[in-house]
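Encoded as structure tokens, the structure appears first; notes follow it.
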Amino acid sequence: MEAHGAGLRRVILLAFCIAGIWAAYIYQGVLQETLSTKRFGPDGERFEHLAFLNLAQSVVCLIWSFMMIKMWSSSSGGGAPWWSYWSAGITNTIGPAMGIEALKYISYPAQVLAKSSKMIPVMFMGSLVYGIRYTLPEYLCSFLVAGGVSTFALLKTSSKTISKLAHPNAPLGYGLCFLNLAFDGFTNATQDSLTARYPKTTAWDIMLGMNLWGTIYNMVYMFGWPYGMGYDAVQFCKQHPEAAWDILYYCLCGAVGQNFIFLTISRFGSLANTTITTTRKFVSIVVSSVLSGNPLSTKQWGSVAMVFSGLSYQIFLKWRKLQKVQKKRKNN
């Protein structure tokens, strides 16, 4: 009976994590697309300073992680020092900024699908930095994801979607997404290196260190000179308070989402988190298409299916590998 109760509590907690991740990031995706396409005020001005979202997100997540460490962390030190995150902080600052900037040139569903191919630069960085060798099935997953993204990118975007974009230019948009993924690959490799060197590093420590450097770099970039982009963004928010509220909601969604992600990883492992975030991306595409009144074509859905077939196969491979490791531990 006690085991049954513990199992039920785990199921309820997992459902809670799934609901939290989906709600936070799907709504954040809606807000991100709204900020990139919405017209504010009687003059119909667009919020052109999308990179400002990066700074706002870093500040909110920095405050959030500091609060979580003070309230919940029982660590007595020994984690990675704050200065060790400086290099990952650079790529983690530039990468998301490029991803957000890409929304000026491609639609949100296209960006979500392109960013689903994150496994490709991660594999590349893993081979380059750590000399990791991958299996044929893992390369097959990459082929399915890359092929689906490429096909989706080559399909013509509707005139309705193009009219919502500030400066439609698909090649530039996908190029920014690729650079975003490449920087993410380096960021993940550096974080893995830090946790390997400092085993006592907690998820909140990583979140604090990354967002601390992200805030520093973004502050310099946004306000480091008299005519920095940050001044224009602040002035726009003063003139259009509605945009400021959208930005705040966007940042809070990101902070809440990171909270549920860290909770999932700590209680259920990274495989469960990968499964949840993968399915969330699919739902994001559906929600965005419905809300924009621009449903995907049959060929586009075929590309989506190709990408998520590759991602699902990747999850299966990770699950099978985990089962083998656990079985080996039991035998020993």
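Our numbering is plain: 1 for the first residue shown, then up by one each step along the chain.
Yeah, the Cβs are placed from backbone N, Cα and C, and that goes for glycine too.
The annotation transmembrane segment is assigned in TrEMBL to 12-30 (among others).
Distant neighbours of the transmembrane segment (50-69): 32, 35-36, 93, 96-97, 100-101, 103-104, 202, 204-205, 207-208, 211-212, 214-215, 218-219, 221-222, 229-230, 233, 247-248, 250-252, 254-255, 258-259; these residues of the same chain sit at least 6 beyond its ends, with a Cβ under 8 Å from one of its Cβ atoms. Here TrEMBL flags 50-69 (among others) as transmembrane segment.
Under the heading transmembrane segment, TrEMBL lists 206-227 (among others).
Residues 14, 17, 20-21, 24-25, 27-28, 31-32, 35, 52-53, 56-57, 59-61, 64, 68, 203-204, 207, 237, 272-273, 276-277 of the same chain, all 6+ positions outside the transmembrane segment (247-266), place their C-beta atoms under 8 angstroms from a C-beta of that stretch. The transmembrane segment annotation in TrEMBL covers 247-266 (among others).
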What residues elsewhere in the chain lie close to the transmembrane segment (206-227), defined as a C-beta under 8 angstroms and at least 6 residues from its ends? 51-52, 54-55, 57-59, 61-62, 64-66, 68-69, 80, 82, 84-86, 88-90, 92-93, 187, 191, 194-195, 233, 258, 262
